[in-house]
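Enquirer: According to TrEMBL, the protein carries these features:
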- Gly11, Pro12, Ala13, Ala14, Ser15, Gly16, Lys17, Gly18, Thr19: ATP binding site (BINDING)
- 7-206: domain 'Cytidylate kinase' (DOMAIN)
Amino acid sequence: MTYALIIAFDGPAASGKGTLASVIAQDYDLPMLDTGLIYRAVGFLRAQRGLTLEDVEQLVEIARTLDTQTLDNPELRGREAGEWASQVAALPEVREALKRFQIDFAHQPGGAVLDGRDIGTVIAPDAPVKIFVTARAEVRAHRRWLQLVKSNPDLAYEDVLADIRLRDERDSSRSSAPLSMADDAVLLDTTDLGIEAAIEHARRIVRDRRGSF
Ligand SMILES: Nc1ncnc2c1ncn2[C@@H]1O[C@H](COP(=O)(O)OP(=O)(O)O)[C@@H](O)[C@H]1O
Ligand SMILES: Nc1ccn([C@@H]2O[C@H](COP(=O)(O)OP(=O)(O)O)[C@@H](O)[C@H]2O)c(=O)n1
């Protein structure tokens with residue numbers, strides 16, 4: 001049987017998981033899926049269509065028929081889309097409708113790299129490499145503020161910190177697939193690590209974990 005290298009990155013907002021996942025995907029020439037974008041797309045369409053979180057049937061339909069070709073829409077990376085994503089992501093029916101696509105992506109022949117909140121716990125509990133990326137909320141908020149302020153010069157750091165705290169709380173306390181570290185994941189705290197140092201740590205973790213299978 002061919003050995004499939006599935007690498008799971010999970011962690012809270014702006015911890016650096018997407019940055020690390022894309023470097024590792026390049027290193028190993030693996031396809032990568034940013035699963036946050038899928039939830040962002042569903043949240044974005046909910047807002048655009050004027051639906052509420054009670055319109056579960058329509059939200060499930062949006063999730064079921066999501067066109068993944070639309071995930072490169074830059075609006076999905078905005079501040080509101082992150083909040084809308086976290087709201088729809090708390091609905092078990094929406095999560096269920098998005099599950100099969102993510103499981104199939106993770107388990108394609110040859111392997112894949114995915115980043116999100118529940119990759120190591122729900123989507124690919126069998127992944128041989130799991131990294132839980134985190135950092136102090138203030139540090140994450142500063143990183144996210146630096147990103148967002150480019151297109152929104154009036155944005156206050158305090159507002160981004162409040163967003164991040166709200167999202168951390170909602171993502172960690174929801175009943176369905178809450179943000180949590182898998183028992184067999186390796187913790188990578190990037191609070192005091194620059195991007196290059198974080199990449200070096202992630203590369204070492206992948207090498208070590210891969211070697212033990
Ligand atoms: N270790 C780090 N030190 C400083 N900035 C970082 C670090 N890791 C990522 N960043 C920056 O922080 C922002 C959020 O990173 P990203 O990888 O998108 O986080 P996530 O996918 O966890 O939301 C990006 O602008 C990225 O360049
Ligand atoms: N696998 C995933 C990925 C994202 N999400 C939700 O989607 C939101 C946006 O995810 P994201 O990864 O794009 O967010 P950032 O970490 O980039 O800020 C999160 O706050 C979660 O509520 C999830 O529930 N499960």
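Glycine is no exception: its Cβ is also placed from the backbone N, Cα and C atoms.
Nobody curates TrEMBL annotations by hand; they come from automatic prediction.
I'd like these features described in context: how deep, what's nearby, how far apart.
Expert: Counting only same-chain residues at least 6 apart in sequence, those with a Cβ under 8 Å from the Cβ of Lys17 (ATP binding site) are Phe9, Asp10, Gly11, Asp115, Gly116, Ile131, Val133.
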Enquirer: With every protein chain in view, what's the tally of Cβ atoms within 10 Å of the Cβ of Thr19 (ATP binding site), excluding that atom itself?
Expert: 19
Enquirer: Beyond Gly11, Pro12, Ala13, Ala14, Ser15, Gly16, Lys17, Gly18, Thr19, what residues of that chain have CB atoms within 8 A of the centre of the ATP site's CB atoms?
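Expert: Near the ATP site, beyond Gly11, Pro12, Ala13, Ala14, Ser15, Gly16, Lys17, Gly18, Thr19, sit Asp115, Val133, Thr134, Ala135, Arg140, Thr190.
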Enquirer: Listed binding-site residues are Gly11, Ala13, Ser15, Lys17, Thr19; which sit with C-beta under 6 angstroms of ligand 2?
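Expert: Cβ under 6 Å from ligand 2: Ala13.
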